[in-house]
Structure formats: C-alpha cells, structure tokens
Amino acid sequence: MAVSNASVVLSPNLETSSSWYHHNPSSSLDLIRIHTLPMNKMTRRGLIQRVRCETSPSSDSSPLDKLKNSPAIDRYTRERSSIVVIGLSFHTSPLEMRERLAIPEAEWPLAITQLCALNHIEEAAVLSTCNRIEIYVSALSRYRGVKEVTEWMSKRSGIPVSDICQHRFLLYNKDATQHLFQVSAGLESLVIGENQIQSQVRKAEQVVKQEGFGRIISTLFEKANKAGKRVRAQTNIASGAVSVSSAAVELALTKLPGSVSSAMMLVIGAGEMGKRIIEHLVAKGCTKMVVMNRSEDKVAAIRKEMQSGVEIIYKPLDEILACAAEANVIFTSTSSETPLFLKEHVEILPPCPADYARLFVDISVPRNVGSCVAELDSARVYNVDDLKEVVAANKEDRARKSMEALPIIREETIEFEGWRDSLQTFPTIRKLRSKTERIRAECVEKLISKHGNGMDKKTREAVEKQTRIIVNNILDYPMKHLRYDGTGSSKLRETLENMQAVNRIYELDGELLEEKIREKKDKK
C-alpha cells in the first residue's frame, strides 16, 4: 500500500483539520465528508488515516520531489532551512489550553524577538486568535526548532511540554505554507469563509515586517493575504458566511426565551468583534442596548453608523456589575487577560429581570467569563467552542465551498514554494565558491612553501592570478546551471536538481547548516 508523503506529525488526540486536505487533491473531498459525519473521535481518526494511507504519490513527481520525499535520502529536508508551524486550534485542543497559550497582539513583537533568539530559529511569526495559536518559524533544524519552540511555549504558559505535544499539530514546508493559505482564506475557521481571520493574518504580516524579522516568513504571510483575497474574490466562500460574532448572536437568540426586542442587551467591548455583535443584534431587531468600553470614542463611532431608531447607551467599565444586574444577555469580547466576571461577582447580582437564567456569551480568548460562573443556577455561560452547534447546520455547504477554494490555494502554494526553492541556490553558489577558493589558496600556499625564496613577488602574483582564472573557468558551467532566471517551473526544477547534485558531490549540505548555526551563535 502506498503511503502519503505529507510531512505531518499527528498527536494522539489530533482531530481532523482541513490542513490535511491538500496532501492529495483526490482525497480532499473524502476528508471533508469524514469531518462532517456524526461519529466519535476514534472512529473519525481511523477513517482519516485510512483515506490518507490509500493515497499514492503522484506518478509525475519530479526527481526533486522524489528526493525531498525519499525516506532514505532526507538530507534536503534535514539540512535546508524549514518552514514549520507549531499550532493548537479548536480542532485539536480545548479552550482551557488555548487561552493559557494565547499571545495578545501587543506582545507579538516581543514573542517574535524571543523566538528568533532560540538557537535554531532564524525567523518567526505569531498568529493568535480566539480559535488558534500558531507559531510559524524558519528553522535551521526542523527537529531542534520544534523542540525549542515547544519548550518556549511551555515556559511562557506554564503548560507541561507533554501536554502541549499531546494537542499540538506540526506541519512542515509546503504543508505549513498551504495550511496558512487555507487559514487566511477562512477554510480553517470555525465559520468557513469568515473575514476576520484575514485581517488577523494581515496584522501578523505587518508585525513581522515592522520588526524586520526576515524575508521568508514575511513573504509567506504576504502571499497568504493574497491567497485569502483571491479565494474570496473568485469563489462563493464568503457568500452568506456567518462570522464568530454573528454566530454568537444566533446562539444567544436560540437560548433566549423571550423576544430580542424585549430583552436587555449588554455588550462589553467595542472592538471589531464587539462592533459586529452590535450590527447583528440590530439586524435581528434589537433597538436598545448598553455598550461598555474603556473609552467612549469607539462607541460613539458605532452609534453614528447605526440606523435611526437604534439606541446605544455608553457606560464605562467601572460600572460593569451595575449594568450586568439590569441585563438579560451579556456579550463579552475584550482583550482582558483576566476574567471580568467570576462566580462571586455573578452570584450577588439580582435575579434576571425576566426571571430566567442570565445568558453570558463570551467570545474572548482568554475568557472574560470565568468557568466557575457556569456553576450557578442563575447563569448560563457559552464560549467560542459552544458556537459549533450554530455552524453545524450548513456542513454540506461548507464542504462544497471549501472544494471551490482548494485549486486557488494549491496554485498560490506552488508559486510561493517555487520562489522559496529558488532562494536555496544562493547559499550553494556562495559555499561552492568558498570551498573552491579555500582549495586553491591551500594549493598555492603549498607551492610557495615548497619553492621558498626561489619565487619572487611578481611570480607569486602571477600564480595567484592564473589559479583564480582556472578556478573561475572551472566554476563557470556549474554556476550557469545554478542560477534561476524565474522563467517557469521546469527551469526551476532543473536548477534545484543541479543544486542538489552540487551539494552532494561537494558535500556542501553539512557546511551550509554549520555556517548558519555559527553565524547565529556569533550574533548572540
């Protein structure tokens, strides 16, 4: 039986993820269908592994692809810098773990600086949202790099390495690239096609570029934004798509015994998520609500955008308990790293005005409403992971839309990987010149030592000049075949195959890796 050649490390508790779909186009639809079937976790995992194992590598793989994927000859993937994503998402990990690992946007630059200081990490980027925490790195050694990043995540969050390993997913190179492109396009979102994730990917790109942390990862995120835009422009993936905010409103309304017009609504947080909640509440017929925020400016701006007849009352955050006492439904979407509501806060609130349990819908990560609040009979608490029941109704439509987007994702992935592969020839050219120059210099030095004082300065200069000419002439033909001019994939494949041959013949792979590690240690 042929085995899929995807470089994915599965954790024991890993659930399905659409990042697996691209390993073989013919198996993509089967995997999406498996993901949407009602079954327990063990059954689903078994079916997925069966589908993936029955997938054979493409018969028209280039020699370079065969070299990259050969189990016997993996120097290419071991010695070249690898793009790696170490991630945890709502597919693979509980909310309790994700909120401890979450990195606020304001701390992304510091996190990137710390990651790039690790011995085997050249470049890094952070993507932390309510549904995922993903670290993208360019690693000198994929195995050491993964180990260092995982230990960094453990140290930062206080979660044991073993627990992170149990729930993380790892993707390398092309798989990591395609995964990010799918994330940007909304294919990996809880709500397929939602737009907010693309703005979050764009923010991650801006942070990487502002901090100047490397060309590979910044270009990766730049191309991910391009892929996301193409998918939304050229497919129907965003048509009728709900967002996390709209799903939160839908969930609240399904749990609300009375009508939306008679319920007292409290929205805490007027950022992008909070604004979307307000818009969806208005669309559902809510004409009055209280909105709390650190400052009134954002609330005033939202109020101006709303239609006439909608009353939005601003309250400062220090009045949170007084406002909560008057509300039937409370939405929270702030960036606070500590809970706004704990059990001791909620249990002293007067009974809900309509004499039923007060609803808390918390779409923040870390959570704004402590899990202990759910222990109270007077409160019903829902978080981002509870939104799955809202979006479960349109699984078939989501699967169809995902299939529309995959050809674009594959095309963009091939383009980026071609660009990245073309960069690999430059270190080879530099190292080949360095090695031949070292050999030439050693031979000239031996010649001079042998003849001693019998060689005058003029003769020495002539020897230096002629030996350099000889070396340059010898290198002329290899160098021509190591330079990629950007004219097509077939030329690129040929160039990369030549590069691998030169690396192998002249034993440059180990030297390239050692040089990079030495340079990084020198900088530190």
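Quick reminder: no glycine exception, Cβ is built from N, Cα and C everywhere.
Remember, predicted model here, so these are calculated numbers, not experimental data.
Swiss-Prot has this to say about the protein:
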- Cys130: active site, nucleophile (ACT_SITE)
- Thr129, Cys130, Asn131, Arg132, Ser189, Glu194, Asn195, Gln196, Gln200: substrate binding site (BINDING)
- Gly269, Ala270, Gly271, Glu272, Met273, Gly274: NADP(+) binding site (BINDING)
- His179: site 'Important for activity' (SITE)
- 1-52: transit peptide (TRANSIT)
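Sequence features, as recorded in Swiss-Prot, placed on the structure.
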residue	record	contacts (Cβ under 8 Å, 6+ apart)
Thr129	substrate binding site	Ile197, Gln200, Val365
Cys130	active site, nucleophile	Val244, Ile363, Ser364, Val365, Val384
Asn131	substrate binding site	Ser89, Phe90, Arg98, Ser189, Leu190, Val244, Val365, Val384
Ala270	NADP(+) binding site	Ile278, Val291, Met292, Asn293, Lys298, Val299, Ile302
Gly271	NADP(+) binding site	Lys298, Ser333, Thr334, Ser335
Glu272	NADP(+) binding site	Gln196, Ser199
Met273	NADP(+) binding site	Gln196, Val244, Ser245, Ser333, Ile363
Gly274	NADP(+) binding site	Ser245, Val267, Ile268, Val291, Asn293, Phe331, Ser333, Thr334
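Ranked by Cβ neighbours within 10 A across all protein chains shown, the binding-site residues Ser189, Asn195, Gln200 are led by Ser189. Counting other C-beta atoms within 10 Å of each candidate's C-beta, the recorded positions His179, Gly269 are led by His179. When the record's substrate-binding residues Thr129, Cys130, Asn131, Arg132, Ser189, Glu194, Asn195, Gln196, Gln200 are compared pairwise by CA position, the greatest distance found is 15 Å.
Same-chain neighbours of the substrate site beyond Thr129, Cys130, Asn131, Arg132, Ser189, Glu194, Asn195, Gln196, Gln200, judged by a C-beta within 8 angstroms of the site's C-beta center, are, in sequence order, Gly186, Leu190, Ile197, Val244. Residues Lys275, Arg276, Ile277, Asn293, Lys298, Ser333, Thr334 surround the recorded NADP(+) site, their Cβ atoms falling within 8 Å of the Cβ centroid of Gly269, Ala270, Gly271, Glu272, Met273, Gly274, which are themselves excluded.
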